[in-house]
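> In case it's useful when we look at the structure, here is the feature table from TrEMBL:
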- 21-42: transmembrane segment (TRANSMEM)
- 62-79: transmembrane segment (TRANSMEM)
- 73-325: domain 'Cation/H+ exchanger transmembrane' (DOMAIN)
- 91-109: transmembrane segment (TRANSMEM)
- 129-147: transmembrane segment (TRANSMEM)
- 159-182: transmembrane segment (TRANSMEM)
- 188-210: transmembrane segment (TRANSMEM)
- 222-242: transmembrane segment (TRANSMEM)
- 262-281: transmembrane segment (TRANSMEM)
């Protein structure tokens, strides 16, 4: 039975990876900026045109150009990951630097990289909320569902302390710099707004390093679990100080209620959605249905919490992933 569960978990992890790429493609195609090409462009190609008209058509930007940058970045990411063993710098940092270089070259050449420049323009014009809702649930749910439930239960208290008090302390320490070092004249609300953005951490490089040096699995679990939870905490701090910085006023009771709604409502919605998924899965063991339901749970938790429940979608997705992890 354990072997069967392990096979399902491995299959689910692989399927989540495939789903991430597929959803990225859908995101790019669906969210690309409407272009100047007329609806009749596709049917006009191949017909007789004047030289000026032909030149105009040859320079039109189509939505499928967005795939150029996607394929290029996936290829570059695979290459960086392949040579990661020989590179002391984490491949995520390498990708960040390469992205900055490509952006600078694109601007320095006056966006003269041809189809690649058109593709970059479409990517930079994607609605940020859509980008968040497409990528974040898959990433968080994939990490949560592949964690050992026993390890999570054992270290949950430590994760919670680091993801709440730790994030609050980190946000405060980061806020000290814009408050007292930079000459911006920002008050504490604006400074804490910046601090909450910087307080969330990414454990990819740290967890990889811990595995290389042979650190205990419990330590890796604590760091990875805290990183999933601190995203939700940082978002809550960000939303609170964004309201305060833009002139909203809250009493102490309202602030406590806000934190309770965001921190408790999100996991409650996530667990409810995950429980419905578990009930459905138990009706019949079908790998295709299970994988489909897991994708549904990830996005339904995010949408239900953020759009309908007014709670933290990040915490909802993490809670849903942890709930279905033992399956």
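Using N, Cα and C of the backbone, Cβ positions are placed for all residues, glycine too.
Could you tell me the structural context for the features on the list?
Non-local neighbours of the transmembrane segment (159-182) in the same chain are 152, 188, 190-192, 194-196, 198-201, 222, 225-226, 229-230, 232-234, 237; each lies 6+ residues outside the stretch with a CB under 8 Å from one of its CB atoms.
Tertiary proximity for the transmembrane segment (188-210) is limited to same-chain residues at least six positions away from its ends with a CB under 8 Å from its CB atoms, namely 90, 92-93, 167-168, 170-176, 178-179, 219-220, 223-224, 226-227, 230-231, 233-234, 237-238, 241-242, 244-245.
Here the transmembrane segment (222-242) has long-range neighbours at 140, 143-144, 147, 152, 155-156, 158-160, 162-164, 166-168, 171, 189-190, 192-193, 195-197, 199-203, 206-207, 210, 250, 255, 258-259, 262-263, 266, 312, 314-315, 318, meaning same-chain residues at least 6 beyond its ends whose C-beta is under 8 angstroms from one of its own.
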> Could you give the residue numbers and ranges of same-chain residues that sit at least 6 residues beyond the transmembrane segment (262-281) on either side and whose C-beta is under 8 angstroms from one of its C-beta atoms?
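For the transmembrane segment (262-281), the nonlocal Cβ contacts are 232-233, 235-236, 239, 289-290, 293-294, 296-297, 300-301, 304-305, 309-321, 323-324, 327.
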